[in-house]
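Single-structure report; data block below.
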Amino acid sequence: MYFSSLCKFLPISEKEKIYLNIVKKRFCKSNIYYNNNNNNIINYNKRGLKFYPFCNNLKKNINFVNINNKKGINFHSINKERKMASEVPQVVSLDPTSIPIEYNTPIHDIKVQVYDIKGGCNVEEGLTIFLVNNPGKENGPVKISSKVNDKNVSEFLKDENMEKFNVKLGTSKHFYMFNDNKNSVAVGYVGCGSVADLSEADMKRVVLSLVTMLHDNKLSKLTVVFEINVDKNLFRFFLETLFYEYMTDERFKSTDKNVNMEYIKHLGVYINNADTYKEEVEKARVYYFGTYYASQLIAAPSNYCNPVSLSNAAVELAQKLNLEYKILGVKELEELKMGAYLSVGKGSMYPNKFIHLTYKSKGDVKKKIALVGKGITFDSGGYNLKAAPGSMIDLMKFDMSGCAAVLGCAYCVGTLKPENVEIHFLSAVCENMVSKNSYRPGDIITASNGKTIEVGNTDAEGRLTLADALVYAEKLGVDYIVDIATLTGAMLYSLGTSYAGVFGNNEELINKILNSSKTSNEPVWWLPIINEYRATLNSKYADINNISSSVKASSIVASLFLKEFVQNTAWAHIDIAGVSWNFKARKPKGFGVRLLTEFVLNDAL
């Protein structure tokens, strides 16, 4: 404004020179249109300059010299009059319009058979692995006590040959030899440590050692002999983890999928009292795919997974499972006055999409449950941009992990078909981006329950979307509301990468979640909601601020914020920010699918 007022006293010719100099120095680099005949010249006419108000008085076309003398600067813009080719908005025609999802994976083709170990184990082909421990001796020698129905292999596995190796957790060895039928077989072990009862973390280390051997060897058959004691839940967890870790996600590679990968066709398991474990096999396969389905959504980059394509994937899933579904668009959300949720998505080119799938069992419904997943398909932080070291902006495609867990649970529930329940799978999906339309720090927005919220930080967006989703869930008249979200990075500091935190307003419901945590082997720790911290959310101008005035206990304070949007319904909030992503393996865990499914199947009634 100051510069323009000075220029009005200059002659027109001098003013034009100053304007042109500014355009050349400040704006040309982002708006260069090359002449095909001469890459050093661009034609910048009045139409191009009209977007800069101080250039509107220029009366002629002007040829500018290319100031950087470099060939090829891509500049993409969206024309308001452009008609989109598909439901998913695109900047250029090459932009993806759907999320590639594998429904039939090689794991589904593996034939699994469970045998009783009392009859001895056969070593016929492929790889045979003994899971061994030595209670009380962490580095104790390997001793294989199972009967082996093969003389050559049995001779090799005698104590004098194996005692040079130890059972330290995760250690493994395998050897090639000929069996009695002169067939080449691989036989080995995985150490399970010194404890009699393995934890889920211990079992995962065992499985990872086993998967490494499978990936290193092209085999058609795997046989696992359990010389350790496991209950049914841990046995199922072994199978789920084996299937999940064995499967590789190569959807976005240009080469043929799994061109160098040959999956086994048969899995044999020897264990005591085999009949009690057989029923867990198919359930494990369902849990595996529910988790892998969620993982596929989380792993999909944000140019593939956006609010529209994610809602399309939810509809596709519902149709496959015969679930009821509806997707609410911006118009319906405006009618529901979801101002908090709508504000977060204002900066994105993709419209908000609210996912609502419903499973209704046949017969009497004893419990109605709403599962609510946070669904931010990419979180830039908004105007409070994730620019600081450690903000992990490159990983923010995973901020819809809660939504993915809920949809993965929908797959499991729709497949296993529990009785006497009605389940609502909900997610307020949007993208938190920076643009001229984005909501700003300091804005005051109104949620669907009428509460006004001062936006203290645009990077505290998840709680705003969940606020309206929780209000929506309670209006469904459900008995329980459980939300699951990558809500606060503080969970990494409080519980690390192994445990999720659970908060809530109902002790009975939280205990059900904790029990589901044990049976699903997805660890959850009960954290308190401390009401005296509510004062840190006070706002001078609105009913509440979306961020605390203190940096302390931010996960608890975030739960206090959510609590404001649930009135009379039992509610639990599960924060999975620390456990959703496997940082070492650089892939999603799909955390929460088994936890929520176990809750629905066994603990909700």
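Placement of Cβ uses the backbone N, Cα and C atoms for every residue, glycine included.
Going through Lys367, Lys386 against Swiss-Prot, the one listed in the peptide site together with Lys374, Asp379, Asp399, Asp459 turns out to be Lys386. Looking at the stretches 114-131, 384-401, 546-563, the one that Swiss-Prot records under the feature region 'L13 loop' is 384-401. Other than Lys374, Asp379, Asp399, Glu461, the residues of this chain whose Cβ falls within 8 Å of the Cβ centroid of the Zn(2+) 2 site are, in sequence order, Gly375, Ile376, Met396, Met400, Asn432, Gly462, Thr465, Ala485, Thr486. Within 10 Å of its Cβ, the residue among the binding-site residues Asp399, Asp459, Glu461 with the fewest other Cβ atoms is Asp459. A 10 Å radius around the C-alpha of Asp459 (peptide binding site) takes in these recorded positions out of Lys386, Asp394, Met396, in sequence order: Lys386.
The average pLDDT computed for the region 'L13 loop' (384-401) is 92. Between the recorded positions Lys374, Lys386, Arg463, the minimum number of other C-beta atoms within 10 Å of a residue's C-beta occurs at Lys386.
In the structure shown, the C-beta of Asp379 has more C-beta neighbours within 10 angstroms than that of any other entry among the binding-site residues Asp379, Asp394.
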